[in-house]
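*Asks:* Annotations per TrEMBL:
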BINDING   132, 133, 134, 264, 265, 266, 267, 268, 269, 561, 562, 563  peptide binding site
BINDING   293, 297, 316  Zn(2+) binding site
ACT_SITE  294  active site, proton acceptor
ACT_SITE  381  active site, proton donor
DOMAIN    461-605  domain 'Peptidase M1 leukotriene A4 hydrolase/aminopeptidase C-terminal'
């Protein structure tokens, strides 16, 4: 039995050490045909079989060291897929390795893959494929031990139509004409650093790249590539800043790929090739936060990985901590404090959405029988950061605590860890301060739902102007609206405007007259920064400004970033008069949405899951 509640794979009897993947991409049928050769090592004296995770895969054949192996596919579980039970034609003993090769084909509804028609791309001429495997979707693309506790290297050969380019979360290793089909090219990749299955990633499309630094290129469709190259110009500076804080960058290349708008996340830390949403290309500073976050994952997440998704905060809390330390180095301590305050509000919003008693607001939730996608929220990010910040204050400040984080990374590099291992290391590292650590209410932090037991006192310098202005709007009567001026926001940065709108979203809805006056003066409708636009549109819909409902639904559907799409749909849905319209627009756009986004929005709108989407 797997020790990972989200996986069927037999990780106690044998472990995957290397994966050699051969894939052929078929846009007509929306499938990958492939061979996955897994080098597995026995952990027990007589290992006679193994179980792999699969989801909606068609298994053609299985062999071990070239001999045919018998296999059965277990019954399908709602989100875990089906276990592939393989009986080896021989036993392997502890420490011995065998190569288990599975020939298979993916389903057109594979949850890891999104197939875009030419119309869904910027160029409108060629189709496009991208993968998103975190948390447990790799099994719909590759039969594997789909648990973050298992780390392995990989090689891949990918055959694609010759006018398209393939990139993966690995170092590019050349390409050549496909010997079986002169209309296709085979791209080769190698990933020499062991990593978990959720970080395997592939993109195939009409993409180009530009160099943006000594170890970095930016990739995207040609319509975006020059803009992206200029927007991501700070990448090398950020990498060097992160190395000074956390130690050497071990992955060689650090490229960024700007995806089409339906990509469900702001970024995804695939090694050697960070995926980024095009909602960042609005000439604003929210870009640098996302890239600082994804760069930080090169250490916390990719190098040191949570052992199961129940310990996801180890990935995300430390990554937010490191991201904000990069912000501190590149901007200021006040800037770090300001971002931390914003994070506390995001946490409050997640706790309100789940409910303060929901076990999914625990820092370490139980995921037995829970779909990890349903558990995804800002809790592991911001409750995790709040704990680390609290410990930083107790242990002697940012320099002292960052040294611990760096030491933790060195200690557990190339492995996967649990919260208990992290905590044991914290206690041994700060052995002179154990009496202080013993006073921390660990149970309240880790295993109790709701907000953390301690609210940090952040420096409000950069937030004060936002707080004052938002309170002025909250308290204003009709006759006071003439006192507001265009110049109110003249000196606020985009970060501060985001904060101003976030503060208003925490209050009761403003009267419609106020919101209209705000638009007359500040012209928020003209802002292209997606973080500002998203909050502004929610504010308008909350105040029942009917003309803004179509604009809010437009933003919800013209990009598919979960962070924006789900709350916008939810906001319109709570406006009774437009509830049916929210559902209608969702149904009309559902087929073009990423499967994860479509599934989660359907739940938010209480729409029946249709069988056809494979969700």
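Glycine is treated like the rest: Cβ placed from N, Cα and C.
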*Asks:* Out of the recorded positions 267, 269, 381, give me the one sitting nearest to residue 316 (Zn(2+) binding site) by CA distance.
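*Replies:* It is 381, whose Cα lies nearest.
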*Asks:* Can you tell me how far the Cα of residue 134 (peptide binding site) sits from the Cα of residue 297 (Zn(2+) binding site), in Å?
*Replies:* 13
*Asks:* For residue 267 (peptide binding site), what residues in its own chain, 6 or more apart in sequence, show a Cβ-Cβ distance under 8 Å?
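*Replies:* Counting only residues 6 or more apart in sequence, the Cβ neighbours of residue 267 (peptide binding site) under 8 Å are 274, 275, 276, 277, 290, 291, 293, 294.
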*Asks:* Roughly how many Å separate the Cα of residue 562 (peptide binding site) from that of residue 381 (active site, proton donor), to the nearest whole number?
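*Replies:* Cα-Cα, rounded: 16 Å.
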*Asks:* In Å, how large is the greatest distance between any two Cα atoms among 132, 133, 134, 264, 265, 266, 267, 268, 269, 561, 562, 563, the listed binders of peptide?
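*Replies:* So the binding residues stretch over 18 Å, Cα to Cα.
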*Asks:* Tell me the residue counts in helix, strand and coil for the domain 'Peptidase M1 leukotriene A4 hydrolase/aminopeptidase C-terminal' (461-605), as DSSP assigns them.
*Replies:* 117 helix, 0 strand, 28 coil
*Asks:* Quick check for you: of the recorded positions 265, 269, 381, which have their Cα within 10 Å of the Cα of residue 297 (Zn(2+) binding site)?
*Replies:* 269
*Asks:* In whole Å, how far does the CA atom of residue 265 (peptide binding site) lie from that of the residue listed as 'active site, proton donor'?
*Replies:* 14
*Asks:* Just to verify a number: CA distance, residue 132 (peptide binding site) to residue 381 (active site, proton donor), in angstrom, no decimals.
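*Replies:* Residue 381 (active site, proton donor) has its Cα 19 Å from the Cα of residue 132 (peptide binding site).
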